[in-house]
Structures are given as structure tokens and as C-alpha cells.
Amino acid sequence: VADVLFFVFGTMAVGGAFGVVMGRNPVASLLFMVACLASIAGIFVLLEAHFLAAVQIIVYAGAIMVLFLFVIMLLNLGHDYRRDLRGGFVMLLGFGVTGTIGGLLA
């Protein structure tokens, strides 16, 4: 059971990190980051580091993310913030090359 949960939390962490990088809306990217940090807290629970999991949720997923949300709202980045589509393709290509090289070296 622990191995399956570790795989689920790890997949959620990688998916959340991918959503942060590839997200077009800054608020949505922030929510992906919260999901990523929550899944890392789940991994801490699986490792029986309950204090680290609690600190991860309270400090990072709670306080720091609220601070980031205030900054996004004050800077008004939620509106008229568009990214070029070619930049997303280049970033995806970079992830693919990095993953391939990492897989070959592992």
C-alpha cells in the first residue's frame, strides 16, 4: 500500500510542478503549486516525518502561498497575461530532452 501511495503522491508532485511551469494563468499556477506542496507533505507522512508534513502544509502551502496570491492580485497578473505558444513548445521540448538524458544516465 505504501508503494502505491508513494507512486500516487510522486505523480501528483510531478504533475503539479508541470502545471506550475506550463500554466497560462498565474492563479492557476499557484493552485498547482499548492497541490505539489500538499503531495510532498503526503510523501513526508509516508516517511513517518509527521512534523515535517505539518510544517510543509502550514508554512509553505498555507502562509507562503497566501503571500504569493496577494502579490499576484496586487500586481494584477491575472488579466492580460498571455504567453507565446512557441515558448510552451520549447519548454516542453526542453523537458523531453532533459528527461531523456536523465533516463539514460540513471
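Any Cβ shown, glycine's included, is placed from N, Cα and C.
The annotation transmembrane segment is assigned in TrEMBL to 6-23 (among others). Listed by sequence, the residues of this chain that lie at least six past the ends of the transmembrane segment (6-23) yet keep a Cβ under 8 A from its Cβ atoms are 29, 32-40, 42-43, 46, 88, 91-92, 95.
Feature annotation from TrEMBL assigns transmembrane segment to 30-47 (among others).
Residues or ranges marked as transmembrane segment in TrEMBL: 53-75 (among others).
What TrEMBL records for 87-105 (among others) is transmembrane segment.
Between the transmembrane segment (53-75) and the transmembrane segment (87-105), fewer than three CB pairs separated by 6 or more residues in sequence fall under 8 Å, so the two stretches do not touch.
Listed by sequence, the residues of this chain that lie at least six past the ends of the transmembrane segment (30-47) yet keep a Cβ under 8 A from its Cβ atoms are 2, 5-6, 9-10, 12-13, 15-17, 19-20, 23, 53-54, 56-57, 60-61, 65, 68-69, 72.
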